[in-house]
Amino acid sequence: MSFCVNPGMAGHLSRIPGLCDTNNSKPTSGDEMIELMTYFIVFFFSPAAPPTVRIIHSGHACNVEEERHTERVYTIREGETLELTCLVTGHPRPQIRWTKTAGSVSDRFQDSSVFNETLHIAKILRTQGGRYYCKAENGLGSPAIKSIRVDVYYLDDPVVTVHQSIGEAKEQFYYERTVFLRCVANSNPPVRYSWHRGREVLTQGSDKGVEIYEPFFTQGETKILKLKNLRPQDYANYSCIASVRNVCGIPDRSVIFRLTNKTASPSIKLLVEDPIVVNPGQTVSLVCITTGGEPPPILTWLTSNDSLPQRSVVKGGTLTLPAISSDEAGVYSCVASNNVGNPAKKSTTIVVRALKKGRFWITPDPYHNDDNIQIGREVKISCQVEATPPEELTFSWLKNGRGLRSSERMVITQTDPDISPGTTNLDIIDLKFTDFGTYTCVAALKGGGIPEISIDVNISSTTVPPNLTVPRGKSPLVTREGDTVELECLVSGKPKPIILWSRADKEAPMPDGSMQMESYDGVLRIVNVSREMTGSYRCQTSQYNGFNVKPREAVVELIVQYPPTVEPVQTEMRQGLGRPVVMTCRVLRAHPSRVLRYEWFLSNKLLHAGAFDAQRDETEYTIHNLNRDGWGEYTCNVINEAGAGKCTFHVTGKAYSPEFYYDTYSPLWQNRPRVYSFKLQWTQMNPNAVDRIVAYRLGIRQMGLQRWWEQEIPVDGNINKGELMTHNLTELIKPESYEVRLTPITRFGEGDSTIRIVTYSAPINPHLREFHCSFEEEPICMFIQDKNDDFDWTRHSAATRDTKYTPNTGPSGDRSGSKQGFYMYIETSRPRKEGDQARLISPFFNVAPKNPYSITNPPAYCLGFFYHMYGKHIGTLNAFLKQKGQTTSEGPVWSLGGNQGDRWKQAKVSIHPTSSFQIVLEGVRGPGIEGDIAIDDITLEEGECRDPPPSDNCKCDLFGRH
């Protein structure tokens, strides 16, 4: 039984992968058959596998190192690009999620997670350092999680502050004996400090008049310079140099402070009063001047909440507030700083005059238990206003428009503004008929400029305390969800007070979010009422604008009806022809819950209707034998007085999507120099859920192009769940990538499609007949960086290369000229030094000798690669043969140095290994930064090299001999 597949897109589907040679379609040998059958058992019967995860990096890393407990640390300079890629295996293809934790709980990673294989953060900030987690899950086993700690390196400019010992402080700051210069710079890693006086380097013991503190709290780092018994020579320029030892190429930073006999801490003066009382709309200017300080201090303005008003203008030491408002009142501070001593600070308060919230209340005779006003008894009228400033508040009283003075029967008093908001009382003793009339309370501020507030209170025989009632038919009040509803309490009495509304049945906020809402007409209006608002609402009289008596209250019941909530709201049901389909619509909640009806429809055709009985909360509809007319959208409407809830069922015969298998062993192979082939593998999701899949429609297009090429792949027999299927894609052009679309076909028609990208790369497991690596994928063909060299090779493409890298060196594209293609290069900018080496080591290649006891005639292999060596500071590129068991390295089999021009050239050299071996490519840094060396398209083929290209200055012959 053979399942061989001929090359080309038109090949048939292979149900058992790998049972023939893809190059010549010959049957396999017996040993090969055993190996392939083992592969068949693992992958054909059980391709489903839980996820695994590996994190790899690109971008601008300074260093990636393994610490204890297998912690990976990725070091990057602030402002560079962080790029981490999560490589996963597992079938079905795992879902990937990036998350982050950091030292601060409030430091959130973009307030969400990133669902993508690659995490890309351009211009990374120091706050974005921390531990990043990649989580992959596909529903099989436990999720796979890997993490890497990102350490962001930075160095801020240092700041020098100057102090003297407190006991020696006098009027002139620096005529005293002992001075301290303290240098601080924010950094990661910890900073090292050094001090210079002029050009002289200051160290401990180099000058008896100087001490350099290394106190415990600075973790051994030099920060504080102490000048003892200040001498004339101590008046000089002092430099503090902060260094992180050039890690990540971060240069040292320095600051200079000039110490003179005039150096002094700042002093200032405010040319304004305190407080400043103004009317709204006025322009206010605050003037702050320096009266001392060397170096000249810098002036800044602050408010109590640290941010100045948006319309404010600062010019020098003058702060201008145009058209000031009450919101801009507060404390304003002028701060002067010159890093000598403590900053100087002076403050003033701006008070914006205002009158607001005028209210009144009437208090019947407090000595009698009566809520009514009665002739012959006392009555008190109170008037309250909020005033700024409170000490300017004045009250006056009028009766029927005429001024009223305090007397034995008409007693006018005013509360202390320091104790309570401004309140005035008018006590009428022994009320008479002649006292009936309109009393007016007038509030004003001394000096004017602010409109007065007048409050009228009518005292007459009709002045009675309030009463509250709920209108007939207004409780309980029934409404529907989403409507606008008005809850009403009728207020009787004169005057009518403010009504306060709150929840009576539970401690819950009102619709506006507050615990209590005010109403002047007794009506509470709720827009877009929701089911959560069902309950009891209390209306209550307040003392304001009414009687200061025991509150009256009433309760209104609100009932909010809403349509049934059902499940499933929308679902898809896939089924083959001739099979039964059962659809169930379930009621979760509804109000009212009685008298529920249901109606089943297919499109607009009524299928069945009825009513729920008291014991059931669901309705079913069954298709006993599905036919073509039965495919479509079914809806179940569950109806009550408030409306309908709808369950929707989409019954279809569409097949589920296939699931591409990404973990195929060596899916890509090179069959001709310009083209490659790819083994496409997949399983079918729920193959038995619908009719038998008779074929797959395969679509393929080259990335960047619009045109799709399509063909059908026939399928014989039934597909089992988890069965791995294979189709070989051939004639793919190197190094292009392709988008592949796969769609199952049944009697229903096309099912769900799935898409993947096929990317050209060298084989991950190289064999010696032909090995080719173009560095198009991150694993870089199993090459590794030498841990004992000075720096690393970098994988890059011209499309992603940072423009700030050194010009006049390095390639403008890969070997084929593509700006999207990748290559490896050495970056020779600082901190690299002349002679620094970067080595890239290939995977091991096995040599199978024809004579098992010895190799008298070593086999020959041709090593080829393309190199780009452009720049006036080009160093040397060496190729070494490293054989297994060798303790010392021999000389290079190929070597070239110097500028070779701005173009790619090919190198070929024959090698003759006698045991398993590796290829080592070494780049050596030249005398300057214009010395980037790049390599691409490394090949290794059996046999001697044919027609090796000429190479100027190459220190080798055809066979690598010197």
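Numbering starts at 1 and runs along the chain as it is shown here.
Using the three backbone atoms N, Cα and C, a Cβ is placed for every residue, glycine included.
The following features are taken from TrEMBL:
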- 51-151: domain 'Ig-like' (DOMAIN)
- 158-243: domain 'Ig-like' (DOMAIN)
- 266-351: domain 'Ig-like' (DOMAIN)
- 364-460: domain 'Ig-like' (DOMAIN)
- 466-557: domain 'Ig-like' (DOMAIN)
- 564-652: domain 'Ig-like' (DOMAIN)
- 663-764: domain 'Fibronectin type-III' (DOMAIN)
- 771-947: domain 'MAM' (DOMAIN)
- 801-820: region 'Disordered' (REGION)
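Highest Cβ contact count with the domain 'Ig-like' (564-652) among the listed stretches 266-351, 364-460, 466-557, 663-764, 771-947 falls to 663-764 (criterion: pairs under 8 Å). Note on the domain 'MAM' (771-947): its mean pLDDT in the predicted model is 84. Each residue in the domain 'Fibronectin type-III' (663-764) gets a DSSP state, and the totals come to 3 helix, 52 strand, 47 coil. With helix defined as DSSP H, G or I and strand as E or B, the domain 'Ig-like' (466-557) counts 3 helix, 43 strand, 46 coil. Residue counts for the domain 'Ig-like' (266-351) under DSSP (helix as H, G, I; strand as E, B; rest coil) come to 3 helix, 49 strand, 34 coil.
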